Amino acid sequence: MPAIRLPDGSVRQFENPVSVHDVAASIGAGLARAALAGRVDGALVDTSFVIDHDVDLAIVTDKDADGLGILRHSTAHLLACAVKELFPEAQVTIGPEIENGFYYDFSYKRPFTPEDLVAIEKKMAELAKKDIPVERYELPRDEAIAYFKSIGEAYKAEIIESIPQGEVLSLYREGNFTDLCRGPHVPSTGKLKVFKLMKVAGAYWRGDSKNEMLQRIYGTAWAKKEDLEAYLHMLEEAEKRDHRKLGRQLDLFHIQDEAPGMVFWHPKGWTLWQQVEQYMRRVLIANDYQEVRTPQIVDRSLWEKSGHWAMYQDLMFTTESEKRDYAVKPMNCPCHIQIFNQGLKSYRDLPLRMAEFGSCHRNEPSGSLHGIMRVRNFVQDDAHIFCTEAQMQPETAAFIDLLQAVYQDFGFDNILIKLSTRPEKRVGADELWDQAEAALAAALAAKGLAYELQPGEGAFYGPKIEFSLKDCLGRVWQCGTLQLDFNLPVRLGAEYVSEDNAKKHPVMLHRAILGSLERFIGILIEHHAGAMPLWLAPVQMAVLNITEAQAEYATEVAETLKKQGFRVDLDLRNEKISYKIREHSLQKLPYQIIVGDKEKAGALVAVRARTGEDLGQIPLSQFIERLKSELLH
């Protein structure tokens, strides 16, 4: 006689074992119709799951985040079902839920076309309308292998062959289609009403470039039509803001095949870069960081000592000279410890904050490269804080203050935080992990910051905090990190003399605020749609003459502004003023200064702001004061 406790604290008693669906129906017919799954003692299960003992139960609907995930995963299965009906020779592989949607990988004799996607989506809608039951059943491992081989699904059989002997596997059947899956899934296809197929891309089987190239169909699924429409609108906006397109339009940078994943910065783009880097340099100096510079190429022996050679070699660019193996550094931390190790350090020297705008190289797969957001050569605003165990919490708190101030200056107020704690495989005593996790949590609590706890997601050498930005389109970008490390200082022999005259290893805090400068600049470009704030704009204003008669005065105006430290373009071309204004507007300049005969005669300037505001004719000195005031804010 199971007693079932619901989220509101009420308890329902049942005479016999009962399914999740039956419990929902006992509460109300509306909830029974809305139920997509259940959460039994914290575990997600199908609505058909039978409860035969006392449990805590929550009914999952499309209003829950879990419910949306189940909708998307189930829509991936619906996609596979539709593909198999239309293209029986296609073989199915994997089809997970992803952020904002799902995908499914197929092996097929020819590429899927845009017309195929239209037909597949239409078939999915037909199958959804039929409200086909989705049924879960189990098979022993070897029977499951035999079943998938018998229907020609070699990839599914291969997946199961990698599962240990003796396992019982769950399968889901909807109509004529059966898939291997842990679930849970919606009770029937009729729950899947709001979806759209987005694109086809290539993907290697098991993510290995040595394997066959499969076809990955991406889609999106939502609970309500309005949610889908809002998402598609966001994608339209994101396309307009695509940093790759704006990078070309605004003449900021380019990437070419001869240097994949590496950026050619143009003068305007490099000016933007310099504004970001110089700002961060001022911030570092104000917060007692010491800037250093370390080598690009380091002997293999150091990477072996640090553990990177064993754990990270596939992502490292290597070379050989004079019978010695070298690696181009993928990160800066081992080199910073080499500087720390020069000379005896005392506890009085700690905390020691060491920063570097370090150029790193990682051999990322070519398929993962994306503009300047995902590159092979990047610069981090990297720093390492060497401190005592007692200093972990105050250093964490100081870093959080610094990070929040920096993000605010760049126009980001919405910060999401995750705290990742000890994984199963780790180094260091549990007491040290207790202290480290408590230090990070206490620093966040002291600031009144909400965070998502991610148990077991820390690195093997220490817990970490991740900071993500939410941009104007609601997209989330992970940028900042704070990572405690008990391991690397020990491996590389970093020591200091403690207050009791004993040699101890410092705790090392790996920290970054922007992360990769390339990626952060890409985020800035998309967040601002290329219309950078005055302080960041590569060109802050253009001075335009109407006719040749004002050329000399326009030059004087431009020179005066340059002497005040502003970044100015002077446009004396013999073109119509309307043409020049339009051209500079497309470059998204904060201001345009137009000088004609009236302005010249009155020693004035006519100013147009990017916002559409017309400042009228004003003395140049008054405009300069406005600019200085704007830069202060």
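Note that Cβ sites are derived from N, Cα and C of the backbone, with glycine treated the same way.
Lifted from Swiss-Prot, the feature list:
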DOMAIN    1-61  domain 'TGS'
REGION    242-533  region 'Catalytic'
BINDING   Cys333, His384, His510  Zn(2+) binding site
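Here the binding-site residues are His384, His510, and the one with the most other Cβ atoms within 10 Å of its Cβ is His384. Per-residue pLDDT, averaged over the region 'Catalytic' (242-533), rounds to 92.
DSSP gives His384 (Zn(2+) binding site) a strand state.
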